[in-house]
Each structure stands twice: as structure tokens, then as C-alpha cells.
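Here's the structure we're looking at; comments come further down.
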Amino acid sequence: MTSTYTRFDTVFLFSRFAGAKYSPLLPSPSFTLSTSGIHIRTKPNSRFHSIIASSSSSSVVAGTDSIEIKSLPTKPIEGQKTGTSGLRKKVKVFMEDNYLANWIQALFNSLPLEDYKNATLVLGGDGRYFNKEASQIIIKIAAGNGVGQILVGKEGILSTPAVSAVIRKRKANGGFIMSASHNPGGPEYDWGIKFNYSSGQPAPETITDKIYGNTLSISEIKVAEIPDIDLSQVGVTKYGNFSVEVIDPVSDYLELMEDVFDFDLIRGLLSRSDFGFMFDAMHAVTGAYAKPIFVDNLGAKPDSISNGVPLEDFGHGHPDPNLTYAKDLVDVMYRDNGPDFGAASDGDGDRNMVLGNKFFVTPSDSVAIIAANAQEAIPYFRAGPKGLARSMPTSGALDRVAEKLKLPFFEVPTGWKFFGNLMDAGKLSICGEESFGTGSDHIREKDGIWAVLAWLSILAHRNKDTKPGDKLVSVADVVKEYWATYGRNFFSRYDYEECESEGANKMIEYLREILSKSKAGDVYGNYVLQFADDFSYTDPVDGSVASKQGVRFVFTDGSRIIFRLSGTGSAGATVRIYIEQFEPDVSKHDVDAQIALKPLIDLALSVSKLKDFTGREKPTVIT
């Protein structure tokens, strides 16, 4: 094999010629590391292997017997504060100097040696702009730090749920997920990276805090001098004791779904001529999964998958499955002769939106309905769920299911890691968040396709004895039957995206001042206060405490108003207001949620003085 060496006086791990812009249509850039006077192996514009003719076959390519490791000097870079959703910034930030390389090395500096030395790690992402280049950077630094094996999805593709599934199935020590979730992608937009542990769940704060601390003191990056890996073909490449296996991104995840659900039952529903199905992959990662699962295995029509090709910029769209950003799907579902069931997933495949014909299912209702029907409709839960949980802002619909089924119930802060602890302790089976995240203990991430298959299972179970020509039990029928049994929790969320951080934070501080003066019995218009607080949670598994998780006003009739700032964007702050009102009267269940909630919405805007603090007249998104 011919090696190419280049000497740089000052070079960067991801460098660009001054003033030049990278196009995915141009040759891939070489990868180097910031240092001075050090020879660094780079890969020019060519494949270094000609290995596999068929992507479905597997091959082993041997490199050198050993690899050379370089210790390259670097300096701390500001702005690498890491949360459980990882690190998210504009992609241009990650492409500067050693920004990504510093964070990856800081991660290895934060992990116990046994968690990565000679270990197996998984690598994949949602296919957004910069993922392929970042994959090469991560692989070389992993090899430089003594990792034994990297399992990487073909073309760098692995949905977040699939990463969790692969980690668990292959008993890997952890995995990197390259994604900014539902945030836009492309040269001008967002990129992100996070690390999941051996259970498949996001790294805890003890690790993310260490990562941030190490980014402030980092002085060197350990990098292996190996060529770029060909990610376009399934196969194994070895360099000494280090190997990279490019894996099919779908197979392990599909196998898990076949274990969880009755595919024959679902296939029977999707094969009916009187049942219409539509899935919008939003040009995001689930496009790689939709055809193999829904079409090839479950018999859905090929044209039932829309926006099914993953694109680096998500087709110039915003891959957030809600009524605003999934408008194409919504328009189809609200036609007179629209499909019976529609769903969408987000950038990295962990969120979902469910629709019936002219009917939207709120995420809060969705998880409650799945839980109420799981034992009958889903083989994985045949023995019954172990427990149920929701994030604090999510409506109380799930609480009532837990009460009726006599199941343990948990209310946790926003963040999937809180569910993971309960799952690992055997206390939790089904959980969800109002932010279109639903899942179970089959993995340790929320799972968009799992939620779609759960709903298809419920509909298939309800319609298994429905004869051709008879009316099918619809999505709306299932939801309204649930409301009649448990009552309806009217729920809405107002998102004000990319607000000035200063004004948004001042608004939250103002609300906390109100909390300090509030007491039970205070009157807010037609509502009487039961209590007001800043939500705090003590984990029943490890005793850890999460405080300041959302300002909430809870009234005596069960109504709630909640205020939170979201940190999942790459710029500014997103103010979220959650409004909920319980209605037991069946005759009032068909009222539009925005009408039913208007008095509470007006109260929330008045109490918070949102317009004064943020200058915003209207929300960016209403859910």
C-alpha cells in the first residue's frame, strides 16, 4: 500500500483553503491535525482500497502490522460545554481548527481506561453534512487512544435508536452518535456529537462534566497514522490490533424489531386494500430504514414512503416531525381520501409524529395509548409492562393508565437518561416525552420507528377480525375510546425558537421570583393555585438530584402551566410554554385544543410577560 506523507508548518484536523467553500460534490478533503513540524499521514482525493463489489457482502482488508501513533499538541477551545444530548453547534464551528478533535480526545481523557482500551465502540449518525468527514477524524483518534475495534454504519449512517441497539446486541463498550437531532443540517446549519454508554444510553452528567473540564485543559491529541476508511462498502479493515468494521445500518435494528413486534400481524394490516399507510422520513436517517422495514418486510407499497432518501441537508427541510415542519405529510393526511395512518420521524430517527385521517395524535396521548394497549397488541409486553414514566412537561394522560393498570409510575425531568436509569433497574418498560419522543426498554433511547410499529400493532390487533368491506377501527376511534375511558388531557406547547438568551433567562428569573411569593389558594383569573415550584427530581436508583427543571404552576382543577428553556438548539434559546387541562366530560372531548386551552394560554402569556422579555409576538411552532 502506498502511503502519502505531507509536511505542514501549521495544519488543522479539518482544514479549508482560505475563503474556499466545501461542496459535497467536490473531492473529500484530507484530514490532518493541528501541530507544527510533524509528518502526518493524509488521504488525498482517491479511494485507498478497492475492496468490495457488493455492499451486501463482507470482506477483510489487511493494513500494516502495526500503526504509528502521534501525540499532537493542541490548545483548549472555548464553547465545548457538553450536556446529555452531547455538543451541538453550527457545523462551521466544528469544522474550525481542532474543534471536533479536541472534544473527542477530551472524551477519551474522561473515560476509565477499561471503557475504551482494546474495546469495541460503535460509530454512526443521521447522514447530515460533515458526518463522513467527522467519521474519519473520530476513527483515527479512537485508534490513537487504543480502541480495539470500531463498528461504523455504512456511509456513516446509523439512527440513534440503531446505535443503542447495536451497542446492546454486540456488547460494545459505547458509541458515538453524530447528530443534531431534529435541528436543520447543511453548510449553514447544525452539527452535533454525543457518546452513549455500554447500556446504550447517553453518558451521564458525571462523564459529560468531565468532558467539558478536559476541554479546558487539553494539550495533546493522540492520532493514529492510518488512511481514511472506505465507508461505502460493508467489510472489515485491519491495522495491527485495530480494526474498523463497516456494518449494514439496518440489520441489527430490524432483527430487534422482529423480536419486539408481531410482523405477521402488522403485515396483515398493511396488505389490506382498504388501509392506507404513509411514512415521511423527512430526507433524514429513517429513510435508510423505511423501505427495508415497511416495504420489504411488512409489505407496504413503495410509494407509501415519502422523502425517503437521506440527504446531507435534509432536502433543505427542518427534520422535526410536528404539524409545522412535516406539513407535506399533514396536507396528505387531511385530504378527504387521505391515508388511514401516517407518521413521520426526525433527523436521527428517535422522534415520531402519528396521524390518522384528519386526526392528530398528541405525543402525550400517544404514549398513554401505547401503554394501555401494549399487553394485548405487542408480544414484547405479553407479561405486562414493569412500569410507566413520562417527562414532567408531558401531560398526565399516562398517569391515569398507570393508576388503572396498577403499575409503578415515575415523573422525571426532560432527558432520556432519566428513563434509562429506571430501565436498567428493572422499574420501567414504556415511557415518553411531549416532544415527540416515545420508547421502551428494548433500547435506551427514544425510538421513532418503534412508536410507528407500536401504533400499527394496535391498529392491526383491533382490526384482525374486521372483514373486507366493514369499517376499520381508525386512529381516531382508538384515541376517542381512550378518552372515554380515561378522560382527555387537552395539551399544547408553544415554542419560541432562537430567542435572545439574555431576555429568555431574565423571563425565567422573573417567574422564579413569582414562585418565591406564591402560595396555595392564590387566584389567577378563574384558576386557583394548588402549588407552584421549580421542578426538582431525586433519582430513585442512584439518588442523584436534578434541580431547576422547569417552572410550573399547578391549579386545583389539575390544569398546569409550565415554562422551560431548551438547550437542544445551536444558537440562542428556545422558550417553551406547556399548557394542560384535564376534561373528564365526554361531551367536551371534541373541542379544538386551542379553543379549550385559550384561557390558560392567555394566562401563561400574561403571567410570564413573554412579549416584554423576548419581543416575540407569536410562537414559532404550536403543537
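Cβ coordinates come from backbone N, Cα and C, glycine included.
Residues or ranges marked as active site, phosphoserine intermediate by Swiss-Prot on the basis of similarity to another entry: SER181.
Taken from Swiss-Prot, the feature Mg(2+) binding site applies to SER181, ASP346, ASP348, ASP350, supported by similarity to another entry. A 10 Å cutoff on Cβ-Cβ distances gives SER181 (active site, phosphoserine intermediate) a total of 26 other Cβ atoms nearby, all chains included.
The annotation phosphoserine is assigned in Swiss-Prot to SER181.
According to Swiss-Prot, the transit peptide annotation covers 1-63, on the basis of sequence analysis.
SER181 (active site, phosphoserine intermediate) is 5 Å away from ASP348 (Mg(2+) binding site) when you measure Cα to Cα.
ASP350 (Mg(2+) binding site) is 8 Å away from SER181 (active site, phosphoserine intermediate) when you measure Cα to Cα. Listed in chain order, the extra residues whose Cβ falls within 8 Å of the Cβ center of the Mg(2+) site residues SER181, ASP346, ASP348, ASP350 are ASP126, SER159, THR160, SER179, HIS182, ALA284, VAL285, PRO319, SER345, GLY347, GLY349, ARG351, GLY448. Long-range Cβ neighbours of ASP346 (Mg(2+) binding site) (same chain, at least 6 residues apart, Cβ-Cβ under 8 Å): SER181, HIS182, MET282, ALA284, PRO319, ASP320, PRO321, ASN352, PHE436, GLY448. For ASP350 (Mg(2+) binding site), the number of other Cβ atoms no farther than 10 Å from its own Cβ, over all displayed protein chains, is 33.
All protein chains included, ASP348 (Mg(2+) binding site) registers 33 other Cβ atoms within 10 Å of its own Cβ.
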